[in-house]
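Peer 1: Per Swiss-Prot, N-acetylserine is recorded for Ser2. Marked as domain 'PH' by Swiss-Prot on the basis of sequence analysis: 5-107. Taken from Swiss-Prot, the feature disulfide bond covers Cys59-Cys76, Cys293-Cys307, and the record attributes it to similarity to another entry. What Swiss-Prot lists as domain 'Protein kinase' is 148-405. Residues or ranges marked as ATP binding site by Swiss-Prot: Leu154, Gly155, Lys156, Gly157, Thr158, Phe159, Gly160, Lys161, Val162, Lys177. Residues or ranges marked as active site, proton acceptor in Swiss-Prot (evidence: sequence analysis): Asp271. Annotated O-linked glycosylation site per Swiss-Prot: Thr302, Thr309, Ser472, in sequence order. What Swiss-Prot lists as phosphothreonine is Thr305, Thr447. Summarising the annotation, Swiss-Prot assigns domain 'AGC-kinase C-terminal' to 406-479 and lists sequence analysis as the type of evidence. Swiss-Prot lists Ser472 with the feature phosphoserine, giving similarity to another entry as the kind of evidence.
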Amino acid sequence: MSDVTIVKEGWVQKRGEYIKNWRPRYFLLKTDGSFIGYKEKPQDVDLPYPLNNFSVAKCQLMKTERPKPNTFIIRCLQWTTVIERTFHVDTPEEREEWTEAIQAVADRLQRQEEERMNCSPTSQIDNIGEEEMDASTTHHKRKTMNDFDYLKLLGKGTFGKVILVREKASGKYYAMKILKKEVIIAKDEVAHTLTESRVLKNTRHPFLTSLKYSFQTKDRLCFVMEYVNGGELFFHLSRERVFSEDRTRFYGAEIVSALDYLHSGKIVYRDLKLENLMLDKDGHIKITDFGLCKEGITDAATMKTFCGTPEYLAPEVLEDNDYGRAVDWWGLGVVMYEMMCGRLPFYNQDHEKLFELILMEDIKFPRTLSSDAKSLLSGLLIKDPNKRLGGGPDDAKEIMRHSFFSGVNWQDVYDKKLVPPFKPQVTSETDTRYFDEEFTAQTITITPPEKYDDDGMDGMDNERRPHFPQFSYSASGRE
């Protein structure tokens, strides 16, 4: 590939994602799609640490005159999350120059990717998603909504719902995430959805939720995922108030193992919190993200402060600095602090005060905590991501070597050879005692599958189908 060059550079005002002030940043747009910002104009274009660094590949651009004239918004992907970044410049001409340059780079990258996909459908793991998976469904009959019994509602969000289902043919239980296409397409979430599908397909780790099938109907996308019914860690912790250090060490080790795996594949999870940590029926961790807790992105005019849980935000995310893998180690610090101390390390109902605590306040520990536990949590909750435990080039290995985890055999962790400290009291795979009663008490309302023909595609209007090419997938093609 040819050398990466600068397409455009200059000063722009960037709006904070969480703390909504404007900051001057010197941005460079490069041919590889990177859009990187610095506090000062860099003397050397290969400076190692830009404050802001994201890709304009597959981005969408919007122009608006609010909250300031000559504003433009870039909406793009960070793993499975759609993010928006807001900029403004002094003149309409300047804005036009930036948006045209960004669009041109994004279009060229799109063409290059299409050419690559046509040339080598299965040569890279990143591209397995659509080609190989679609091929696999030619040997295994494509799944439809008729293939499942719909048992209980497990969760609900902006884009759809998660339902406990039973596969008729095998009798196995799964969690099916059903997304309405109109909602996703209306909110420009197609890229997000397809990326999430590809990430799930390529993910194989004992402590990460795996995808069994994905398919589409006329108006829905369906992900059929591994189902674990041991309940959210949040549920168990709120019942017991605190976990012992041994129990926390067990869960912490399984989380570190999973994050190490993701990071080795250049994926930052970014959303670690108790609600996304579940237990399987044996008491092992499963990191899930049914993608329903994110409340979507509002339009540019309303600029909702944030989606997600502010208590878990790392300082570098709050300050709109570039962030990488170390953001996950901050998240690990917060969840392990909660487990051992029974409360969040930083909390205030007033979000402005909460942000100030996250950025400025030192953490305090209960006297009962061991020195190893204090040392681990202090290291994980260092404000500067470059100084944080795990923030160096060794990433997870740095945490694995910490004295808190001494005596842990990491291969045994991965192989599930360690005995879980708690076994959920579930009587069967359909036992949903650990799920939120608000959901499990509801009756399930989805359009009856009989309304679809066997393919589930009959009468598909040409308006919607092209957004989701080759979406079907069956894991059995790989096993």
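Glycine residues also receive a Cβ, built from the backbone N, Cα and C atoms like all the rest.
Since we're looking at a predicted model, the values are computed, not measured.
Let's see these features in context: how buried, what's close, how far.
Peer 2: The secondary structure of Cys59 (disulfide bond), as reduced to three states from DSSP, is coil rather than helix or strand.
Summarising the environment of Asp271 (active site, proton acceptor), the number of other Cβ atoms within 10 Å of its Cβ, over all protein chains shown, is 21.
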Peer 1: When the pLDDT values for the domain 'PH' (5-107) are averaged, what is the result?
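Peer 2: Reported value for the domain 'PH' (5-107) is a mean pLDDT of 84.
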Peer 1: Tell me, by DSSP, whether Asp271 (active site, proton acceptor) is helix, strand or coil?
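Peer 2: In the DSSP reduction, Asp271 (active site, proton acceptor) maps to coil.
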Peer 1: For Cys59 (disulfide bond) and Asp271 (active site, proton acceptor), what Cα-Cα distance in Å is obtained after rounding to a whole number?
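Peer 2: The separation of the Cα atoms works out to 21 Å.
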Peer 1: So if I draw a 10 Å sphere around the Cβ of Leu154 (ATP binding site), how many other Cβ atoms end up inside it?
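Peer 2: Within a 10 Å radius of the Cβ of Leu154 (ATP binding site) lie 22 other Cβ atoms.
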